[in-house]
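Trainee: Pulled these features from TrEMBL for this protein:
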- 22-43: transmembrane segment (TRANSMEM)
- 37-283: domain 'G-protein coupled receptors family 1 profile' (DOMAIN)
- 55-74: transmembrane segment (TRANSMEM)
- 94-116: transmembrane segment (TRANSMEM)
- 136-159: transmembrane segment (TRANSMEM)
- 189-220: transmembrane segment (TRANSMEM)
- 232-254: transmembrane segment (TRANSMEM)
- 266-285: transmembrane segment (TRANSMEM)
Amino acid sequence: NASSVKEFILLSLSENQGLQKIYFVMFLLFYVITVGGNLLIVITIFSSQHLKSPMYFFLCYLSFIDICYSSTTAPKMIADFLVEKKTISFVGCMAQLFGVHFFGCTEIFLLVVMAYDRYAAICRPLHYTTLMTRQVCGLLVITSWVGGFLHSIVQVLLISHLSFCGPPKIDHYFCDVYHLLQLICTDTYTVGVVFVTVSGMVTLSSLLALLASYVAILVSLRSQISAGWHKALSTCGSHITVVVLFFGPCVFIYVRPSRSLSEDKVVAVLYTLITPMLNPLIYTLRNAEVKNAMRKLWR
């Protein structure tokens, strides 16, 4: 009976026992750095009286999302490196699928919001305080959360009502759409097209909005002197770096039909763990205000 599938077997990153022990130490270190670094940014922004601008308000939420996002997949992956049989229940699999798309999509929308904030600060400086009030910032963050929820709940509802056949083996370290589609009993072409279309629309529309914001910033800076260029672009450099690191793997996996699932799980490590780990380093190394606030917090 197709409905009798109660759990799935995760094949993880490798079946080599020696490699799994190395991966356990390496990814445990990555996860600790991810949680510690992002938590430090959240605490620093909350405790500092000088980091109250909208940019830091959004950065605080970005760090919080990164903690939740990496925690959706990393603890299970790390624990599985120590056990022989790597299983996850059907409910746990659907919950993981929801969490990955919820926090991932929310982060995408929040990156777009942060790009709009930089546009308003650089291109419309005289109206910035009226454009980016506390209420507006809060509404933009709530909209990002709601958008992420709607996207993820559609993914889960579509796939959870399909019939799964055995053997229920997932060639990945977490439950994701394309890998689950491989286990569906019926033809999945139509469902696959729907997933590609929905994910592609979210990713590409957000990417176009980001590009439009930065094109507008570059156009508005044409008449400024080099010092003005440097000062304005330095505030955008960290954000652009994070966008490239996050959107690159997402576009690779979700905007085209998957052909190499084993290749996908290696790329997935980049956006589920590596990018959230690098975000605190990117924002602190390029931002003197954050570094000064961290020094005061340490004292």
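Glycine too: its Cβ is placed from the backbone N, Cα and C atoms.
Just so you know, TrEMBL annotations never went through curation; they're auto-generated.
The model shown is predicted, which means the values in this text are computed figures rather than measured ones.
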Trainee: Can you work out whether the transmembrane segment (266-285) touches the transmembrane segment (136-159), with the criterion being 3+ CB pairs under 8 Å where the paired residues are 6 or more apart along the chain?
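Mentor: Between the transmembrane segment (266-285) and the transmembrane segment (136-159), contact is absent.
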Trainee: As a test of reading the model: what is the averaged pLDDT for the domain 'G-protein coupled receptors family 1 profile' (37-283)?
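Mentor: Within the domain 'G-protein coupled receptors family 1 profile' (37-283), the model's average pLDDT equals 83.
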Trainee: Can at least 3 Cβ pairs under 8 A be found between the transmembrane segment (94-116) and the transmembrane segment (22-43), with each pair 6 or more apart in sequence?
Mentor: no
Trainee: For the transmembrane segment (136-159), could you work out the same-chain residues 6 or more beyond its ends whose Cβ comes under 8 Å from its Cβ atoms?
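Mentor: Distant Cβ neighbours of the transmembrane segment (136-159) are 54, 57-58, 61, 94, 97-110, 113, 116, 177, 180-181, 191, 194-195, 198, 202.
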Trainee: For the transmembrane segment (22-43), find every same-chain residue at least 6 residues outside the stretch whose CB is under 8 Å from a CB in it, and list them.
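Mentor: Same-chain contacts beyond the ends: 13-14, 59-60, 63-64, 66-67, 70-71, 74-75, 77-78, 81-82, 273-274, 276-277, 279-281, 283-284, 290, 294, 297.
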